[in-house]
Amino acid sequence: MNVSQVSYFTLSAYFDIGLFRYIVFIFLMCVYIFIISSNVLLIVVIFVNRSLHKPMYMFLCSLFVNELYGSTSLFPFLLVQILSDVHTVSVPLCFLQIFFLYMYVNVEFYNLAVMSYDRYLAICHPLHYNTQMSLNKVVRLTALLWGLSVVVIVLMITFNVSSELCGTTIDRVFCANYYVVKLSCNSATVSNIYGLVYTFAVLFSLAALIFYTYFKILQVCFSGSKETRQKAVSTCTPHLVSLLNFSFGSFFAVLQSRFEMTRVPNVIRIILSLYFITCQPLLNPLLYGLKL
């Protein structure tokens with residue numbers, strides 16, 4: 001049957017935990033409230049404090065907006081599903097959630113890559129920083145990373161909308177593109193080729209940029225004075241921790257989707273699948289909020 005003929009998908013990763021689901025609901029509600037309040041607070045602090053109207057804080061503001069965007073695309077959905085006895089999601093809502101979540105992942109990675117470039121200019125080329133990272137350039141880079149994410153995800157979803165399905169069961173607690181592709185009766189060659197081309201052309205290029213910038217930053221740290229090293233470490237540590245945390249979360253998500261995980265307890269699989277969208281919005285406000 002064609003995707004247009006399917007009315008809903010079933011999320012099979014949910015299991016009955018009895019009255020314990022109310023405790024899980026309250027816990028996730030508290031996590032979501034903390035994410036919203038902390039990220040909004042930092043956005044307001046950056047907005048009202050004119051001394052923070054600098055490139056690094058503008059990119060941070062974009063990062064905090066993305067944390068709000070990503071967590072809102074998941075947590076309300078999870079809260080409704082936890083209290084529901086029937087774990088189904090309509091097809092349009094499923095694809096909408098896929099768009100939001102994958103948009104969040106792309107913007108997060110692009111934003112972290114741009115921030116590493118910003119730190120590279122500030123530490124390795126401080127005399128030219130103000131001219132090479134002007135306000136106009138910050139606006140263009142921010143618009144580019146959000147706009148490119150929209151185009152990339154729309155193309156990805158387009159390949160799935162017209163496909164024929166041989167099932168309607170998704171083995172996750174939320175909608176994920178890879179699991180929808182697995183339901184396709186036809187070969188997913190086009191989707192796989194697109195994924196490979198995008199991975200090598202964009203993601204690996206940005207990863208190479210990040211490695212290069214930190215290699216140059218380390219060179220400056222080892223060749224500079226003690227004060228230079230302390231300033232570089234103070235500036236780069238939050239970004240590096242955020243980058244590593246996001247990389248680990250993404251790795252867990254890819255590992256779970258590409259390899260057989262039936263022997264892993266269901267609770268562990270759910271936690272690993274939610275790590276990238278839960279820990280990152282929690283960690284970033286703490287890392288950068290304390291510094292702010």
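Heads up, the Cβ atoms here are built off N, Cα and C, so glycines get one too.
The domain 'G-protein coupled receptors family 1 profile' annotation in TrEMBL covers 38-288.
Sequence annotations record features per position, and here TrEMBL assigns transmembrane segment to 20-48 (among others).
Using a Cβ-Cβ cut-off under 8 Å and counting only residues 6 or more beyond its ends in the same chain, the transmembrane segment (60-83) has close neighbours at 11, 14, 21-22, 24-25, 28-29, 31-32, 35-36, 39-40, 42-43, 46-47, 89, 97, 100-101, 103-105, 107-108, 111-112, 115, 142, 145-146, 173-174, 274, 277-278, 280-281, 284-285, 288. What TrEMBL lists as transmembrane segment is 60-83 (among others).
Annotated transmembrane segment per TrEMBL: 95-117 (among others), in sequence order. Under 8 Å from some Cβ of the transmembrane segment (95-117) lie the Cβ atoms of residues 56, 59-60, 62-63, 66, 69-70, 73-74, 77, 89, 141-142, 145-146, 148-150, 152-154, 156-157, 160-161, 174-177, 180, 203, 206-207, 209-210, 213-214, 239, 242-243, 246, 250, 276-277, 280, all in the same chain and six or more residues away from its ends.
The transmembrane segment annotation in TrEMBL covers 138-159 (among others). Beyond the transmembrane segment (138-159), the same-chain residues lying 6 or more positions past its ends with a Cβ under 8 Å from any Cβ of the stretch are 55, 58-59, 62, 95, 98-99, 102-103, 106-107, 110-111, 114, 177, 190-191, 194-195, 198, 202.
The transmembrane segment feature in TrEMBL is assigned to 193-215 (among others).
Annotated transmembrane segment per TrEMBL: 236-255 (among others), in sequence order. Tertiary proximity for the transmembrane segment (236-255) is limited to same-chain residues at least six positions away from its ends with a CB under 8 Å from its CB atoms, namely 105, 108-109, 112, 115-116, 119, 123, 210, 214, 217, 272-273, 275-277, 279-280, 283-284, 287-288, 291.
What TrEMBL lists as transmembrane segment is 267-290 (among others).
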